[in-house]
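Below is one structure, written out as structure tokens, with a few remarks after it.
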Amino acid sequence: MSDRRKRRRPDPDSDSESDTRPFKHLLKPDATILSSLRTLASSAAASSSKTLTLSDLRLSAACREVSDLPPSAVQSAIESLAVSLARSILSGQGFSFTVPSRSSANQLYVPELDRIVLKDKTSLRPYSSVSTVRKTTITTRILHLIHQLCLKNIHVTKRDLFYTDVKLFQDQTQSDAVLDDVSCILGCTRSSLNVVAAEKGVIPEQCRLPMTEQDIKTGKDLLEEDFVKKNPGWVEELNLMVKSKQKAEIQALSSFGFQRKRRRPDPDSDSESDTRPFKHLLKPDATILSSLRTLASSAAASSSKTLTLSDLRLSAACREVSDLPPSAVQSAIESLAVSLARSILSGQGFSFTVPSRSSANQLYVPELDRIVLKDKTSLRPYSSVSTVRKTTITTRILHLIHQLCLKNIHVTKRDLFYTDVKLFQDQTQSDAVLDDVSCILGCTRSSLNVVAAEKGVVVGRLIFSDN
């Protein structure tokens with residue numbers, strides 16, 4: 001009896017009375033439905049052969065067309081605006097921006113496009129007026145920055161834009177408001193300006209480190225400082241750090257790749273944001289070059305060639321260390337990789353020959369006024385349990401240095417440590433292997449595009465000026 005009570009899966013071809021679809025008989029055949037859909041599609045295509053725009057509508061008020069523009073079009077629009085401003089100045093009419101009003105009275109909802117557009121009400125923003133001179137300056141600065149972004153096809157956040165000129169903008173709300181004005185002036189969406197909004201996000205797990213007891217004590221001490229208590233935001237962040245017992249540093253972004261770090265500034269750059277106050281005192285390039293050539297000629301006359309280790313008759317064999325360009329360091333690493341591959345293929349295994357940096361292996365050379373290493377070395381094989389970890393770290397550091405030289409990027413020792421915290425565990429380990437790598441390659445550490453940077457504790461907004 002129990003088997004008979006079990007309900008069978010209904011047969012889709014069955015016309016049984018137990019079919020639970022009571023309106024199935026009302027459905028039209030598939031061919032009929034498809035034919036109706038094709039008819040609807042054809043009529044829709046016939047009624048609208050192109051995308052509806054503002055110009056196609058007969059609106060009661062004149063409105064401004066806003067479009068998504070590519071970077072090249074935004075760049076051209078800014079350049080055209082600059083030309084028109086120059087003509088206005090030369091004709092004696094002065095320097096001013098015509099800014100569309102973004103007030104609610106100047107907005108109009110267009111149901112056919114399902115969006116809000118601006119009407120034709122505008123305001124004048126002249127440079128000659130005391131009340132608008134600052135906003136005009138900010139507008140000019142924002143236009144210049146947007147032009148640079150479009151020229152280099154770089155995307156930044158609103159916060160990035162604000163930090164380019166904190167002294168001028170003073171507050172991000174001011175740069176954000178002018179950014180919206182600029183998009184209205186150019187007749188494009190804000191996203192076309194290569195500037196995006198970014199919420200304050202949670203710091204990724206790999207960017208965090210556990211706080212030491214000393215870190216926690218420092219955090220609690222800072223909470224007692226009067227200047228910290230005056231800023232509720234700082235108090236909130238410090239309380240969160242002390243409670244979670246986790247910290248993060250700006251260098252931790254290196255774990256996402258060195259491209260997220262700021263590149264070394266271009267020495268040929270002539271940016272308006274240059275903060276070198278004595279730049280006007282510099283002599284012309286031709287004068288500087290002439291002085292340098294004179295100095296070089298006198299140096300060559302006094303010494304026909306630079307003294308090297310090979311010119312000296314030393315009591316012990318020593319290793320030559322030189323300042324190498326990134327391309328030479330890159331080639332040295334690639335040659336080392338080839339020799340390691342040959343060693344593995346020949347059955348000799350994988351190991352590094354590392355020059356000893358002990359005091360017994362160091363020699364002071366007075367003729368060169370520097371300390372050099374003698375020829376004592378140690379083997380660091382991958383097959384040994386005692387050295388396998390250090391060999392892995394050495395391989396990782398070599399790979400990272402190769403990437404730095406390939407892309408010509410400079411980072412700090414702290415940046416390098418954060419690229420693989422799980423492997424390095426402590427910065428002292430990555431620092432020690434970094435020095436080993438410079439000895440293996442026979443170059444100075446600065447040749448590896450890695451610089452030392454002291455750790456500092458700071459609170460509040462900072463402005464760095466390069467003099």
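From the backbone N, Cα and C atoms, a Cβ is placed for every residue, glycine too.
Curation plays no part in TrEMBL annotations; they are all automatic predictions.
Per TrEMBL, the features are:
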- 1-23: region 'Disordered' (REGION)
- 134-195: domain 'Spo11/DNA topoisomerase VI subunit A N-terminal' (DOMAIN)
- TYR163: active site, O-(5'-phospho-DNA)-tyrosine intermediate (ACT_SITE)
- 204-259: domain 'Topoisomerase 6 subunit A/Spo11 TOPRIM' (DOMAIN)
- 259-278: region 'Disordered' (REGION)
- 389-450: domain 'Spo11/DNA topoisomerase VI subunit A N-terminal' (DOMAIN)
- TYR418: active site, O-(5'-phospho-DNA)-tyrosine intermediate (ACT_SITE)
For this session: Determine the Cβ neighbour count for TYR163 (active site, O-(5'-phospho-DNA)-tyrosine intermediate): the number of other Cβ atoms within 10 Å of its Cβ.
Result: 16
Problem set entry | Average model confidence [pLDDT] within the domain 'Spo11/DNA topoisomerase VI subunit A N-terminal' (134-195) | 88
Problem set entry | Spatial separation of TYR418 (active site, O-(5'-phospho-DNA)-tyrosine intermediate) from TYR163 (active site, O-(5'-phospho-DNA)-tyrosine intermediate) - C-alpha basis, Å | 24
For this session: Let me know how many other Cβ atoms fall within 10 Å of the Cβ of TYR418 (active site, O-(5'-phospho-DNA)-tyrosine intermediate).
Result: 24
Seminar exercise, completed: DSSP composition of the domain 'Spo11/DNA topoisomerase VI subunit A N-terminal' (389-450), residue counts helix/strand/coil, works out to 48 helix, 4 strand, 10 coil
